[in-house]
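Taken from Swiss-Prot, the feature site 'Discriminates between blocked and unblocked aminoacyl-tRNA' applies to Asn12. For Tyr17, Phe76, Asn78, Asn124, the entry in Swiss-Prot reads tRNA binding site, with the evidence type sequence analysis. Marked as active site, proton acceptor by Swiss-Prot on the basis of sequence analysis: His22. For Asp103, the entry in Swiss-Prot reads site 'Stabilizes the basic form of H active site to accept a proton', with the evidence type sequence analysis.
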Amino acid sequence: MNLDGLIVGLGNPGKEYENTRHNLGFMLADALLDEVRRTAPHAVTSLGTGKKKYDLWKCAPLTGGSSWLVAKPLTFMNRSGDAVAHICGFYRIPPEKILVLHDELDLPLGRMKFKTAGGLAGHNGLKSIAERTGSKDFHRLRLGIGKPQSGQTTGYVLGRFGKDEQALVEKVLQAGVEGIRIFAQQGAVAATQFINAQDIQ
């Protein structure tokens, strides 16, 4: 299988975590798959859903015919690296060809940043991926969720977006899908320029 790389949306499995702030990476992965299916219905191929470690799809048209894998780990956030390491080992994908989609407390909702390698910003999903792949050299699309006013981080990230935030979340997902397309087609520099300029209101 000729692959350009792996796109990983981070989140926690199970209905109790659906549409929570910590699952914004899952939500963007779903939005990407939905958009590809909408424009090219036969371009998304399931490579196994409901597996022990991950759901996985092949997305053909992101770069005009070549293929990317899209994954959602089912191992819970703190063990996301188990799924990523398994996929990368099986399909021989190096860390520099991985793009991780994840929530980011240090950015407000409506802002996003593209980053390659470097620190992990205390994100347990990123820590797990770095530990299990043995590298920090993967790309990240950091999706702002803002910080809680009270400082109770766990309850905040596991809470759902409010009704007044839903329209903004949809705009973020649309911009995120476009950012992923730019990354797949033009590379990290172009993706950084587009994504880091986003200030969605």
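Keep in mind that glycine also has a Cβ here, set from the backbone N, Cα and C atoms.
Swiss-Prot feature annotations superimposed on the structure.
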residue: Asn12; record: site 'Discriminates between blocked and unblocked aminoacyl-tRNA'; CB count, 10 Å: 21
residue: Tyr17; record: tRNA binding site; CB count, 10 Å: 16
residue: His22; record: active site, proton acceptor; CB count, 10 Å: 23
residue: Phe76; record: tRNA binding site; CB count, 10 Å: 16
residue: Asn78; record: tRNA binding site; CB count, 10 Å: 12
residue: Asp103; record: site 'Stabilizes the basic form of H active site to accept a proton'; CB count, 10 Å: 26
residue: Asn124; record: tRNA binding site; CB count, 10 Å: 17
Checklist entry - In Å, how long is the longest CA to CA span across Tyr17, Phe76, Asn78, Asn124, which the record gives as the tRNA binders? => result 16
Checklist entry - If we check Cα distances from His22 (active site, proton acceptor), which of the recorded positions Asn78, Asp103, Asn124 wins as closest? => result Asp103
Next on the checklist: If I take the alpha carbons of Asn78 (tRNA binding site) and Asn12 (site 'Discriminates between blocked and unblocked aminoacyl-tRNA'), what is the distance between them in whole Å?
Outcome noted: 9
Item to check | Entries of Phe76, Asp103, Asn124 which, being recorded positions, have CA atoms within 10 angstroms of Asn12 (site 'Discriminates between blocked and unblocked aminoacyl-tRNA') | outcome: Phe76
